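Annotated features in Swiss-Prot:
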- Asp35, Ala36, Glu37, Tyr38, Asp39, Ser84, Leu85, Glu116, Arg139, Glu176, Lys295, Lys319: NAD(+) binding site (BINDING)
- Lys118: active site, N6-AMP-lysine intermediate (ACT_SITE)
- Cys413, Cys416, Cys431, Cys437: Zn(2+) binding site (BINDING)
- 596-677: domain 'BRCT' (DOMAIN)
Amino acid sequence: MSNALSPAQRLTQIINTINEYNYQYYVQDNPSVPDAEYDRLMRELLDIENNHPDLRSPDSPSQKVGGAALSAFEQVEHEVPMLSLDNAFDEDDMQAFEKRIKDRLKISSEISFSCEPKLDGLAVSILYENGQLVRAATRGDGRVGENITTNVRTIANVPLRLRGENFPSRLEVRGEVIMTRAGFVTLNEAQIKKGKKPFVNPRNAAAGSLRQLDPKITAARPLLFYSYSLGLVENEQQPLGETHSSRLAQLSEWGLPLSKELEVTQGATQCLTYFHKIGELRSQLSYDIDGVVFKVDNIAMQQELGFVARAPRWAIAHKFPAQEEMSTLLDVEFQVGRTGAITPVARLEPTFVGGVTVSNATLHNQDEINRLGIKIGDSVIIRRAGDVIPQIVAIVADKRPDDAKDIVFPESCPVCDSAIEKLEGEAVARCTGGLYCKAQRKEAMKHFASRKALDVDGLGDKLIEQLVDAEMVKSPADFFALDIAPLSSMERMGEKSAVNLVNALEKSKKTTLAKFLYSLGIREVGEATAQNLAQHFLTLEAIEQADLDALQAVSDVGVIVAQHVFNFFKEEHNLEVISALLEAGVHWPKIEKLALDELPLAGQVYVLTGTLNVMDRNSAKAKLQSLGAKVSGSVSAKTDCLVAGEKAGSKLTKAQDLGVKVMNEDDMLAMFADLEG
């Protein structure tokens, strides 16, 4: 009987029982007790914890009601990047996706794909250590997200402790946080009763709920989490499955919820059959989806296929056909972007399309206006391409009013009145004003200070706009001349914020050549291209002096990008900006040339597993790479050596089975010493 147990024993008993009920309800979709019995147990649990606060544990079901509010979200760096997916919009895209895979793997046989609905919510990473939830984070930019642990702990179907005993000691689960349609309706009814603004759609409601600083608010929102993949995995107690679908089944055994519509199919044809089936079920599902995700099911194939800069080669999101509605074009305004691009923006009669109200849509350029034959006053068809980006795809010619007006493209910049030029072969017209143009200046400054560029903490978009409007900043180097006194007088600043900003600007002066190149905003030079340029040329001076042939010798730099880089460094005002930044103290460490084929471990594949005591995992990986080795995350027949730390797990077993060379940490350190000696 329960009264024969101590409070601690009874509490453990109740927690285990409630966790089992949650598993039956959320994972197996098979509730075994009435709500009244569940509620009775929760009340008893709360009574015991209130009377014995020392017995309250972090993984107690009571912790799902939320704790103290936060002042801000901390940043979290993903140990394994959370990449996005490439998209397919039609059957040809899917067939091409399968062909790319077969060509790369050099196979002709059918490929097994794991198929699941693409949930329309917010991507989240949840880290478990020794079975206990220790951290949750948003995707962010894929490398750095926000710590939302306290909020995720309140989600009803997220286990605070994993079931069973055979899970890895560190296990990162990735999935989507969503809100059901019924939950969304209930939430909006409550919002309206409180006199608050209702949410536009379930996705926005879910995202807004997760980013509440007060977890009690999140706890009151009807959120659910569904797992779709693994991220970081360390110290496996039992081997993970050799397919994506079997690994998801393991997650389910450990208490993590999965989509009920998961299937494994053979080849692109069956994938398309699954896509059409889910499309027909779409309106019957309890939650919003915007497509289907297909992943190569075989993990070894995934590893061989690898990744491109932003997405895996072995997965694709097949989006549903865009949703369309009719609206009226009220006006066209012309916006100026960071690179001077003049973009016509359609102002529309607000129209509800695919879950959101659309009042603006891009018309891209003059060529698109001509193609559509569009006039102000026309009735137009709006499409949300990929359920995201509003586009005007056609006009309804027989509804054109008598007073419809032609759209007149400006001859001079609508912001600074500089001349507009349109180069031969380009569809985009551009303002020639450069940093003289306030619109370009604002966007260029935002780019310069952004996280992927110089990463100036506290220098947000609104403050940059204020600084440009006040003419305190006309060039990037002006940031480093800002004084505390004038900054303190700006809206929402104050002396403390001004001091922090000046210190952050000083800190940002130490950067890398790649980040500096990216910060300059050279057309079509993203992070990866900037990194390739830096590693190839080693110095800024070498890049400045490079001709077109030399630039095209850089990995991933073609004719067009080479021309943009070449032109940028031939413009005198760009060189003046660079000179001013260097004079202000912006600097970076010298880059050593990587002669990979001459390095001692060139061409060798290493795998790290288990716990290292002298060097941490990242340091060991960096050291191996500096010696020319490729460091892989999994053991295969192509592996040359496995470095096995403590509690090595299944990778060690697999390496031994394959006859792969195995060394311990001491062996690795001795090797490093020999190679450097």
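From the backbone N, Cα and C atoms, a Cβ is placed for every residue, glycine too.
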Could you check the binding-site residues Cys416, Cys437 and say which one's CB has the most other CB atoms within 10 Å? Cys437
Around the Cβ of Cys431 (Zn(2+) binding site), the count of other Cβ atoms that are within 10 Å: 27
Closest of the recorded positions to Glu37 (NAD(+) binding site), Cα to Cα, picking from Lys118, Cys413, Cys416, Cys437? Lys118
Cys413 (Zn(2+) binding site): secondary structure state under DSSP, collapsed to three categories: coil
Helix, strand or coil for Glu37 (NAD(+) binding site)? Use DSSP. helix
Please tell me which one of the recorded positions listed here (Asp39, Lys118, Arg139, Lys295) sits closest to Cys431 (Zn(2+) binding site), measuring Cα to Cα? Arg139
Rounded to the nearest angstrom, how far is the Cα of the residue listed as 'active site, N6-AMP-lysine intermediate' from the Cα of Arg139 (NAD(+) binding site)? 16
The answer, for which of the binding-site residues Arg139, Lys295 has its Cβ ringed by the most other Cβ atoms inside 10 Å, is Lys295
The recorded positions listed are Asp39, Leu85, Lys118, Lys295; by CA-CA distance, the one closest to Cys437 (Zn(2+) binding site) is Leu85
From the recorded positions Lys118, Cys413, Cys416, pick the residue whose C-alpha lies nearest to the C-alpha of Leu85 (NAD(+) binding site). Lys118
On average, what pLDDT score does this prediction assign to the domain 'BRCT' (596-677)? 82
Using CB atoms and a 10 A radius, I'd like the single residue among the binding-site residues Leu85, Cys413 with the highest neighbour count. Cys413
Rounded to an integer, what is the Cα-Cα distance in Å between Asp39 (NAD(+) binding site) and Cys413 (Zn(2+) binding site)? 65
Of the binding-site residues Lys295, Cys413, Cys416, which sits closest to the residue listed as 'active site, N6-AMP-lysine intermediate' by Cα distance? Lys295
